[in-house]
Amino acid sequence: MSAGTGAVRQVLAPIRGRLTLAAVIAGAGAVFTLVPLAGIAHLATLVLGDQGLRGQGVDGSVLTEAIWQTVALSLLALCLGLALVSVAELLAHLADNRLTRQLRRSAMDRLAQVPLGWFTSRASGEVKRALQDDVGTLHELTAHYYTIRGRTWGAILASAVYLFAMDWRMALVSLLPFPAFFLVFRAAMKAGSEENMKAFVDGQSRINNAVVEFVNGIPVLKAFAGSERANSRYRDAVEAFLQAFVAFTRPLVVPMANANAIISPVAVLAVVLTFGVLFVGLGWMTPVEVLPFVLVTPGISAPLQLLSFIGHDLHNATGAAQRVQALLETPVLAQPEAAEAALPSSNEVRVEQLSYGYDKQSPVLQAIDFTLEPGTVTAVVGASGAGKSTLARLLLRFFDPTAGRITLGGVDLRQLAAPELYRRVGFVLQEVRLIHGSVRDNIALGRPAASQQEIEAAARLANIHDRIEALPRGYDSVVGEDAKLSGGEQQRVSIARAVLLDPPVLVLDEATAAADAGNEAAIQAALSRFAEGRTLMVIAHRLDTVRQADRILVLDNGRIAEQGRHEELLARNGFYTRLWRLGGYQESTSC
Ligand SMILES: Nc1ncnc2c1ncn2[C@@H]1O[C@H](COP(=O)(O)OP(=O)(O)OP(=O)(O)O)[C@@H](O)[C@H]1O
């Protein structure tokens, strides 16, 4: 069993029994729908055969009754067969619905527990692909693949058994084209080597990526690279795919055409008739005994071809199942058991011997120690890549530290239930995420029960109330539709969201990054009002925005290089002073 088929098995495990049942019922349905063909052959034997009623000189009324019985039985079998196939389809679709619901729920449950930091390193497109596109691809497999397999195998086996029951010698030769098809088909598949197949699949995914890149990057590419070069990557991907496609399909075309020709109904009929004439000539069979073979054997071609085509569905679903399975197995952040969960005794945050690395080889933060005293402002500064944002994320338990710990009111964050943590520690981060909903919903995200007055008060404090009032539908305007907000305005909405939660501790990461000068002043004013009386950790590139902090931590390469107040650090003439000078700030000690 390959890893791919293993993933399909695992994903389908909850509904495997239902799918098997659906396939068996569909197979039985296919058997019944073949009965009318056997009925026609039987009618011919009744009417024309030497062993039939005519041959034995049976009177007309018995013959008529036998004919009607055969017709009635055939019709009954046809109706029953169609009903069984419909029941099987219904079962498979119900199982598919069940699986889709279960997969989406499990994925959402899982995503609710994965570290928040997991989302920062993944595009939302990746999650959407697994939850929407891949679950959709699995639909083809669950709702159709198994019933089609059941029907095709049912039809093939029932036909073979019937033909052997009629005349085993004729059955043997009539069915010869089918093993021949398999031999040629296998040879064709070998000709389309695995390497070519891999290049074909890789080419397909390169095109997908290039399309996304092309569409996302059109404005930048056009502005900087000129419209001529804008789509060259996409064109290259299309060309490469075309070559891979030709390399993959060229060796397949002739053998596949041969394979399909061998089992085309005309070819199968030709074989049946040739041997039929021969067997009749030899006196092994009567012409009417050849009829079942003429009627039934060509009917095996279509299901067999279908069987070879639906192999593609399985192939497509394999990749989808692997991605869904990977999403369902994303490592989660351990939450304390209700009995183990502790409540913080204060709002003091202590960071003790904290180390963290996104991967084991390269530590991003090492042996960090500091305390956020209640009611104080601590600023974290440092060069780009020093680890400032990582420190903020650890404080919000986006990840757990590799070594050391962070405590809130004496309780390790790992022992604190997530709602308790986010009730006490609010945050406004670089990447503002507004949901597709009204501005009111966006502000009240953490406290849906908040009153309109409370929401407006939060928006006023965040300096965004007047702007919201000016929107076409005020607080009911929908973000991205009639509420087109600039980066700085979105940031103020996210500040209002944090304000409404009224957390005693606040982590701000580059809160002014997305703002222009006017917006920045508005944001600064909002933040200083909001921060009043709270424990604040602010991360900033702009040193002039943090001069009034009670303490400044200067991060260098994941370690605290210096700490103290602005004046103390400047007086020290060390790393902070160099950063200050590099920033070109005029004023030195007064603030
Ligand atoms: N999700 C991630 N996965 C892997 N490495 C990461 C991830 N996020 C950040 N890093 C790496 O960790 C290091 C510290 O990054 P971090 O964003 O914390 O620095 P920073 O001081 O906030 O930088 P900046 O001021 O430019 O935002 C960098 O080398 C960065 O490449």
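Cβ coordinates are placed from backbone N, Cα and C, and glycine is handled just like the others.
The feature transmembrane segment, as given by TrEMBL for the ranges 290-310, 521-541, sits at 290-310.
Per-residue confidence over the domain 'ABC transporter' (349-582) averages out at a pLDDT of 86. Long-range neighbours of the transmembrane segment (290-310) within the same chain, counting only residues 6 or more positions beyond its ends whose Cβ lies under 8 Å from a Cβ of the stretch, are 30, 34, 37-38, 40-41, 44-45, 144-145, 148-149, 151-153, 155-156, 159-160, 162-163, 166-167, 170-171, 174-175, 178, 181, 185, 260, 263-266, 268-269, 271-273, 276, 279-280.
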